[in-house]
Amino acid sequence: MRVLVGGGTGFIGTALTQLLNARGHEVTLVSRKPGPGRITWDELAASGLPSCDAAVNLAGENILNPLRRWNETFQKEVIGSRLETTQLLAKAITKAPQPPKAWVLVTGVAYYQPSLTAEYDEDSPGGDFDFFSNLVTKWEAAARLPGDSTRQVVVRSGVVLGRGGGAMGHMLLPFRLGLGGPIGSGHQFFPWIHIGDLAGILTHALEANHVHGVLNGVAPSSATNAEFAQTLGAALGRRAFIPLPSAVVQAVFGRQRAIMLLEGQKVIPQRTLATGYQYSFPELGAALKEIVA
């Protein structure tokens, strides 16, 4: 297959490209900077969709960048980097003389309302209660194509765990130093997925003709934030009991953004499993041991 990957130069895109190449597929990236095996977003807008069998969009400014203040400027970047790239790809697919057979978008579990008791599968309601859930609703709407000539899949991803990037890039040092612990109360759910499995689900969605609609990109075993901290500490052979106070999280990220760390959702990959995807890392302990090894 020839696969076009928007925003493919980041942590998830690199893992997906490696897996697709290993499975014999040809990958072209869409990015801001030109280079071998790439086209730019401007080229896509001007020349339309290059010939491809499938397209994926992973583009989006990192919401939890601690170096960026949560102000109106950054919020516009967060929204624009997702909606504009998705709209551009969707428009290019619609106009293509031979549209791709599959179109996959990665969004987030922020669609579901944080809760200490609720359990969410792909059919659960959401998408209308705060900044982030509304963003996911608009983002997924931007990807929708008229007709059914192209198979459409949305993967709502949890926190992506992997070596050399993503959430682990910020967390490993304090945990290695024995200074790690739960965030806030630690009671909030922590919907997670190993980078290998997120790349695996995306590849499964591209290759399997029966897959369509929403898939939850989370591991089948749920954990709270405190359980995650304890399990990561154990994988490193360190104690992990020093909590990061809610007030500190709110001071660094702003109240609205801090919700993503201080509250969480129990998300079940019901449809993902039903499509036949087999997880490489269904359990948190094994996933973290592989990452820190």
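From the backbone N, Cα and C atoms, a Cβ is placed for every residue, glycine too.
Per Swiss-Prot, the features are as follows:
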- S31, R32, L58, A59, E77, R82, V160: NADP(+) binding site (BINDING)
| note | CB contacts under 8 angstroms to R82 (NADP(+) binding site), restricted to the same chain and 6+ apart in sequence, sorted by sequence, are A59, G60, E61, L135, W139, A142
| message | If you pair up every Cα among S31, R32, L58, A59, E77, R82, V160, the residues annotated as binding NADP(+), what's the maximum separation in angstrom, rounded to an integer? | response | 23
| task | Report the same-chain neighbours of V160 (NADP(+) binding site): residues 6+ apart in sequence with Cβ closer than 8 Å to its Cβ, ordered by sequence. | result | F11, I12, G166, A167, W192, I193, H194, I195, L198
| query | Once the DSSP letters are reduced so that anything not helix or strand counts as coil, what is E77 (NADP(+) binding site)? | reply | helix
| field | Which same-chain residues, if any, lie at least 6 apart from L58 (NADP(+) binding site) yet have Cβ under 8 Å of it | value | V5, G6, G7, G8, G10, I12, G13, L16, V106
| said: Let's check the environment of S31 (NADP(+) binding site): how many other CB atoms sit within 10 Å of its CB? | reply: 18
